[in-house]
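Novice: This is the feature table in TrEMBL:
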BINDING   ASP31, LEU32, THR33, ARG58, GLN74, ASP78, ARG227, TYR231, TYR232  L-histidine binding site
DOMAIN    51-317  domain 'Aminoacyl-transfer RNA synthetases class-II family profile'
Amino acid sequence: QETLMGKYGEDTKLIYELQDQGGELLALRYDLTVPFARYLAMNKVNNMKRYHVAKVYRRDNPATTRGRYREFYQCDFDIAGQFDPMIPDAECLKIVHEILSDLQLGDFVVKVNDRRILNGVFDVCGVPESKFIAACSTVDKLDKVPWEEVRSEMVGEKGLSPEAADRIGEYVQLHGGLDLIEQLLQDPKLSQNKLAKEGLGDMKLLFEYLTLFGITGKISFDLSLARGLDYYTGVIFEAVLLQQENEHVEELVGVGSVAGGGRYDGLVGMFDPKGRKVPCVGVSIGIERIFSILEQRLKASGEKLRTTETQVLVATPQKDLLAARLKLISELWDAGIKAEMLYKKDPKLLKQLQYCEDTGIPLAAIVGEQELADGVVKLRDVSTREEVRM
């Protein structure tokens, strides 16, 4: 359990804790990032580039229609190691861009920010350092609720002064590209702040690399992006799918985050007995969220989704031919052909062909008494109903 505690900030309450197992306090993993950092530390790995697809667990309120579950898959990609600034970071964004483009999920935007810029903003707005993390998790809600609500939470629950909250508001509602980075580098207050200046310098570099990758059209430098997790130290990003509300309005609205990530340079050091640090940057794709969007689209379009890869159904037209089906299907399986049959001793031919239509199996291999006598198989194309003897 201690592997997970203290890494997620506010979200720690969503960790699935298990009952005391004879003196061991255990918990289910909340993401794949913390286990990856633990792996690097324990195996003294200094650089690694890897992907990992696996289940994680969150004690969240599920909303299955929107693809929010308590047990779900994440697909992570991480680059660990000491490299020059923003080169691996740019590659992570390139990968997110590539995945979301290839899946043809429609329009999307990848919001990018940097924890150092955010902390610099809090600093120049007069937020005490002890309240940075609390302020961060409140700003993180800006994509779901209007600024007024975020402001009242900052002042009411997080104990920030109304003046500080208003000053933060002037910054966190900004978004843009290189032009905004230049503008903030000239900002009289931010340019005096060491953290913000570092973050903005790196952000400028990042956008130069993203321009070379040709993907800046989908990337937005967005000061409201905070990401709720504690372990981020630098660049942070989140990909949001956009969709038109209805036909008449061109307004694009976000349907929720489908990928997120960032730089977490301090995490490996938390697990290393000597505190040896390994800088890391990574991205996580929410596959379940993407599936639920694809499923809704299919439903809306009325298209049928094929849920099996089966190439051929082995069928029999008369009774007492189970042996013939088992022999033939065994031969097909041995030859690497994806074959299925109905698990019934004497199924009706119509039922077998109907099963092919329902599941989209393209071919039926039919062996009846006549075929067995002639030493042939009748191959039927399910959609055209043509048959050939082989």
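From the backbone N, Cα and C atoms, a Cβ is placed for every residue, glycine too.
Show me how these features fit into the shown structure, please.
Specialist: Confidence annotation: the domain 'Aminoacyl-transfer RNA synthetases class-II family profile' (51-317) carries a mean pLDDT of 90 in the model.
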Novice: Any same-chain residues 6+ apart from GLN74 (L-histidine binding site) with CB under 8 Å of its CB? Would you list them in sequence order, or say none?
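Specialist: Long-range Cβ contacts: ASP31, LEU32, VAL53, ALA54, LYS55, VAL56, SER284, ILE285, GLY286, ILE287.
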Novice: Within 10 Å of the Cβ of TYR232 (L-histidine binding site), how many other Cβ atoms can be counted across all chains shown?
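Specialist: Its Cβ has 27 other Cβ atoms within 10 Å.
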Novice: Within a 10 Å radius around the Cβ, which one of these binding-site residues has the most neighbouring Cβ atoms: ASP31, ARG227?
Specialist: ARG227
